[in-house]
Amino acid sequence: MDSESPDEPKKTKSKTPRKPKESVLKQKSPAEFFAENKNIAGFDNPGKCLYTTVRELVENSLDSAESISELPVVEIVIEEIGKTKFNSLIGLVDRERVDAELYDDYETNKAREKRLAKEARAQEIQAKNAALGKKVKEVAASKGIKGRGEASFYRVTCKDNGKGMPHDDIPNMFGRVLSGTKYGFKQTRGKFGLGAKMALIWSKMSTGLPIEILSSMRNQSFISFCRLDIDIHRNVPHVHLHEKRENKDPWHGAEIQVVIEGNWTTYRSKILHYMRQMAVITPYAQFLFKFVSDAPEKNVTIRFARRTDVMPPVPLETKHHPSSVDLLLIKRLIAETSKQNLLQFLQHEFVNISKSYAERLIGEMGPDFTPKMTVKSLTSQQIVRIHQLLRQAKFDDPSGDCLSPAGEYNLRLGIVKELHPDMVATYSGSAQVFEGHPFIVEAGVSVGGKDVKQGLNIFRFANRIPLLFEQGADVVTRTAIKRINWSSYKINQMQDKIGVFVSIVSTKIPFKGTGKEYIGDDITEIASAVKYAVQQCCIQLKSKIVKKMQAREQQERKRNLSKYIPDATGAVYSVLKEMTQLHASKKSRYSDDDVELLRKVSANLITKETLSEKLAKHVEQVDYEMALEYATQSGVSEEPRETIYIPPLEAENKTIDLHAPFFVFRIFQ
C-alpha cells in the first residue's frame, strides 16, 4: 500500500456557498412606527410616559371645552395599582417563586453579607458622629434589589366638560393613528396630532389593557361608552364594547381612562409643575388633580381654582402664506382645490394675494401661463415655476388675526394667582412673522413670591402649553441669562426671586429635538421678539422698584430724624424756660414776638409735648418735599397697579368685553 505524499493536499468536503436571502419589501403602519419609536412622541421611559399621558389628556380636555366657548373644568386622577390588583385586572393568578435564583433580583449569600457589613459600618459611623455632637443624617432604609420585571402601574382618568365626541367617530378618534380634527393650518396645542392614541399604544405595549371612553355632546340624551384597543400592525381600532347609555344628568364632555406602566416617584415633581404652569397660562380653567395610593401618606389632592371667566378667542383656521409653501404642499392644494382656473386658485388658496396681484404673478410666470388655464392641468415643470416665483416674490406679512394668545390680562392674573409675587409686569407684542408664519410673543416678569427660588425661574409656553424639558437650549432661557442686563433695571439676578414667563403662539412653532420640548435660538425674528418683550417688562418693573426704593429711603430718613426729636425738644424747651426766667427778672430784653412766645411758655400753652408734635410735623413736611423733588428729577410717573378679579357670570348674561392689559371692562346688554 502506497503511503500518501506529504506534499499532496488533503481532500476536504466542498461546502456549497449560502445564497443570501432575497430582501422582502415590508411596510409599517403609522401605529407600528410610533410604537417602535415612542420616544419621538415623548414616551421615553415609564416616568416620562406617565407625564406625557397626563399632558395629552389635559390638553385635549382644554381644546374640547374651548372649542364650544365653555369655561374648562378638568379632573385628573392617577391611581396607583399594586401587583395583585393589576394581576386581577388582567385575570392572572399570583404565583409564589419556586426557583429564586432564576430571578433578576436574587441576592446571593455573599452579596447579602457584603450589604449587611456595609450597613453595619454606616451605622457605626453614625453612632460616632452622634457621640461627637456632629450633625447626623438619617440612614436610608435598606431597599431590596428591584428586578427589571417589577413594574409600577397606574390608572389615569381625565374628565372634562368639553364638546364630547360623536358616537360613531369614537373608535377612529382613539384607535387610528394620524387621524383627527386638528390637522388644519391653525394654532394648535398638540405637537404631533397623536393625543391619547399614543397613550393607548403605550397601554397596549405595557399592560395589554384597553382604553375606556365615556362621552356625551350637548343636548344629547345618551352617553356613549366605548372600550377599545388598537391593532398596531393594521392601524385600525379593535372595539371590545361600544354602546349607548342613559344620560340621567345633563352632562356633556368626555371621560377617558387608561391603565399604563409608569413611575410616579421620579416624575411626581414634573407632573405637579406641569399642572401649576397650566394653571398660570389658563386662569379661566378649573383643575382638580388627585394621586391615589394604598399608602395614605402618598396621596395628593390639589385644586387650582378659576379666577376669571375671560377666555382667549378660539384659534381660526387660515390659509397658507405664499412664501411658506413647498412643492409638495402646492401639489396637495391643487389636488384638493375646488377652484377651476389658476387665477382663482392663487386668489383663494393663499393669503395676501389679491386679484390684481395674482394677475401680475401669472404674467411673470411666462408665456405658458394664463389666468384662465385649468389649475388641474398644470405640469410638474409648471408647478416648479410657480413654487420658484412664490419664494422670490414680495408679499405682505400675514396678520395675527388667526392666532389666540393667552392675553396680557390672563397672563398677569395667572402669575398673581399661582406665585403671589411682590411685583409683576406683563407685555404683549404685536404679530410678527418668520418664514411666512405669524407669531405673537407675550412676556411677564415677576419679583418675589411664594415657592419661588432665588435667581431666575424661567417658565416657557408654546401655543399655551408648558415646556418643561431641555430648558438650557431654549431661546427664552438663553435670552434671559445672556441678553438681559438685569442690574440696569435695579434687579439682582443672583439674589432676587425672579420669574420670567414667555408665551409664544404661532401657526407653526419651530420646535427642536425629537421630543419637541424646546424652541431653538437660531431664528432671529423670535429671539429678537422675546428679548424686546422681556425688556419691556423690566422697564415697567424698574419704575416700581425705584418707587419702592424711594419709599424705603423715605422711611429711613423719617426714622433718623424722628430719633432726635425727644433730645431736640428737651434742649429747645430748656432754653425757652431759661429765657422766660431772664425776661421775668428783667435781666434781658426781647422783641415783641419773642415776648409773646415766652408768655405762652410761662402760661404752659407751649410744653415739651407741643414742641414734639410741631417737630414731628416739620419732619413729615420736609421728607415729603424731598421725595417730591427726587421723583420730579428722576422722571418717575405715578401709575396705579391693582389686581382685579372678575367673578364668573351666569351663562344667560349677554356681555361685551373690552380688553386692556390690566382689566377687562364688561358691558351688560
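Just so it is clear, glycine is given a Cβ too, placed from its N, Cα and C backbone atoms.
Just so you know, TrEMBL annotations are computer predictions that nobody has curated.
According to TrEMBL, the protein has these features:
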type: BINDING; residues: ASN60, ASP160, THR181, LYS182, GLY190, LYS191, PHE192, GLY193, LEU194, GLY195, ALA196, LYS197, LYS516; note: ATP binding site
type: DOMAIN; residues: 398-557; note: domain 'DNA topoisomerase VI subunit B transducer'
type: REGION; residues: 1-28; note: region 'Disordered'
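A map of TrEMBL features onto the structure.
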residue	record	Cβ within 10 Å
ASN60	ATP binding site	22
LEU194	ATP binding site	23
ALA196	ATP binding site	21
LYS516	ATP binding site	19
